[in-house]
Structure formats: C-alpha cells, structure tokens
Amino acid sequence: MERAITPEKRDDDLQFDATLRPRTLQDYIGQEKIRENLKLFIDAAKGRSEALDHVLLYGPPGLGKTTLANIIACEMGVNIKSTSGPVIERPGDLAAILTNLEPHDVLFIDEIHRLSHVVEEILYPAMEDFQLDIIIGQGPSARSIKLDLPRFTLVGATTRAGLLSSPLRDRFGVISRLEFYTHDELAFIVTRSARILGMAIDREGALELARRSRGTPRIANRLLRRVRDYAQVRADGAITLSVVQETLRLLEIDEMGFDQMDRMILLTIIDKFGGGPVGLDTIGAAIGEESDTIEDVYEPFLIQNGFLNRTPRGRVATPAAYQHFGRLTPERPQGSLF
C-alpha cells in the first residue's frame, strides 16, 4: 500500500490537486517572502511589458513548486507549458518545446536536476540569448545555425538544487527556497480545501490534521481526503477533532506525523546500530529502501524536527527520537564505539 504521507506526487493526487490549487498569489497560503518577491518581480515585468526573469524553485517535495509555476503564468497572463527533466531525453525534444512557445510564455520543467548535460547545453543559449543553436549535417560539413526564440520564462523546480550544474543555476534571475509550512498555515490550507469540497471542518480538527501533515500541503490535502471518507461513512459528514484522530489512528499516523516507515528508520538506528552514527546505505539495506529515497523523502522532515542528525560519520538518532519511543537516552556520547 502506498504511503498516505509521502510528499511525492501520486497518480491519485493529480485531479484532486487541480481542484484545490490556488490560481493567484493572493490565494496562495504560506511562503510569505517568496510571494512578496514574486509579486514585486511580476508587477515590474508586466509594467515593462517584458517576460519575467527565469525562476528556480527548490525545496522538499509537496510544498507548492508546481502550484507557484502555474500562478506565475496566471499572474503574467500567459500560457504555461509543463514538462519534466526525465521526459526531455534528447536535444530535439527540448527544441520542439522551445520553438512552440509564444512571447512571455512560461516553460515549467519539474525535476530540472535530471536534465542530461547534452540537453542542458541547448538550454544555455535559449535562457540567456533566447536563441536555439541547431547543428545541420554531420562531420566536416556540419554547420550551426541560430534560430531566434520568443522571450520566455523558464521556471525550474527541483528537490535537489545541489545537483544543478553551476552554468544552469547561474542563468536563473530568481532563486527561491520553499520551506516547510507552519501548523497554522496548514490549518488554513485544510480549511480552504474543505470549503472548496463542500465539507464542514472545525478549527480543532483542521489543526490536528495540520500537526500530522509533516509541514507539507500535499500531505495535508491527501489526508483530508481520507478523513472525508471516514466522516462520510462513520460520522455525520462533519470533520471534528475526534474524526481526524480516529482516521489517522486507522492509517497508523501518530501525533508527530510519523508513519510505519519513519518509525522503522528511527528504530533501526536506535535498536540495531546503537543510535548511530550509521551510514545511509547501511540504513537502506537494513530496512529495504533505496538510500536516495531515504535522503530525499524521509530525512528532511526528521532532521527539520530534531529527530535525526546528519554527521560526517553517518546518521544519529537524537534524544527527541528516544523520548518519542519511550526509550532512555544513552549516557555515552553518540557515536562512541569503544
């Protein structure tokens, strides 16, 4: 069964997200500094009748990068073309997209860190000079021609900004990191989503759902769907604190927003490896999960909330992790082997 609290996109999220997605910066909740800056830059670009500078959005999955890309296009009054790094396999794929853009259009590339180097090299002159270099012919007779492109805005999104090459990163005029959301912000998002779906939810229920959503709107909205199911079948249709608590108990999501996999990671470090330090590959082998998945999907929330430390020697469970599971914190310094 798929995790209810994975921040990664799932197929069943697509239609639901489209229904709930805000269309304007005014409707967008959270990320105050990013919203303020984007409004300034968009207003300035529209005032000059120019395309917005290229924008790079990075941060953990599920925080609203795709939503912001769509809002940018909406606020600019232009079309958006969406694709992703893995889909653009050849330079010709990118060339076909670029040549079909209209002036000031937004090109959104999700997982932009997964573009191949060959495709990236096509993107450099397109971003900087709005030109496309095309090679005609082969061998000594090959020649390069330049095609002019309309001035467009590239919005790139990534969960791993460190994997972007410097030449690509340096071509973005606006670079913004999305942060995890506060409980109050998520409660507002849940309340707004419930209203759009025609559901009644009280303040306590919204806050409880927010507290268990790992600071991530995508998770909050997904859990809201499950709570809605419970309220419809086993309650009177209204979402209250007790309805939220009982739904999440059935889903095995505890008061910190941990599910079985989170608990497995922390308990593996505590019980099998003495609290750490232990390498990521070793943890992955012990629980049967890819180390990249642990690093990208599970770790950010555990580290952000003080349950896991990342050290040069490996991962270490913190005293908060021991307390959460009712374990005594070791008196010896973490990581001492002898």
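A Cβ is built for glycine as well, from the same backbone N, Cα and C atoms used for every other residue.
Per Swiss-Prot, these features apply:
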- Leu20, Arg21, Gly62, Lys65, Thr66, Thr67, Glu128, Asp129, Phe130, Arg171, Tyr181, Arg218: ATP binding site (BINDING)
- Thr66: Mg(2+) binding site (BINDING)
- Arg310, Arg315: DNA binding site (BINDING)
- 1-181: region 'Large ATPase domain (RuvB-L)' (REGION)
- 182-252: region 'Small ATPAse domain (RuvB-S)' (REGION)
- 255-338: region 'Head domain (RuvB-H)' (REGION)
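Sequence features, as recorded in Swiss-Prot, placed on the structure.
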residue : record           : Cβ contacts under 8 Å, 6 or more apart
Leu20   : ATP binding site : Arg192, Ser193, Ile196, Leu197, Asn221
Thr66   : ATP binding site : Ser82, Phe108, Asp110, Ala157
Glu128  : ATP binding site : Arg171
Phe130  : ATP binding site : Asp148, Leu149, Pro150, Arg151, Phe152
Tyr181  : ATP binding site : Ile29, Gly30, Leu63, Ile189, Gly215, Thr216, Pro217
Arg310  : DNA binding site : Glu299, Ile303
Arg315  : DNA binding site : Ile269, Gly276, Pro277, Val278, Gly279, Leu280, Ile283, Glu299, Leu308, Asn309
Which residue counts does DSSP yield for the region 'Small ATPAse domain (RuvB-S)' (182-252) in the helix, strand and coil classes, in that order? 51 helix, 2 strand, 18 coil
How far apart, in angstrom, are the most distant Cα atoms among the ATP-binding residues Leu20, Arg21, Gly62, Lys65, Thr66, Thr67, Glu128, Asp129, Phe130, Arg171, Tyr181, Arg218? 37
Tell me the coarse DSSP state (helix, strand, coil) of Glu128 (ATP binding site). helix
Which secondary structure state does DSSP assign to Arg310 (DNA binding site), in the simple three-class scheme? strand
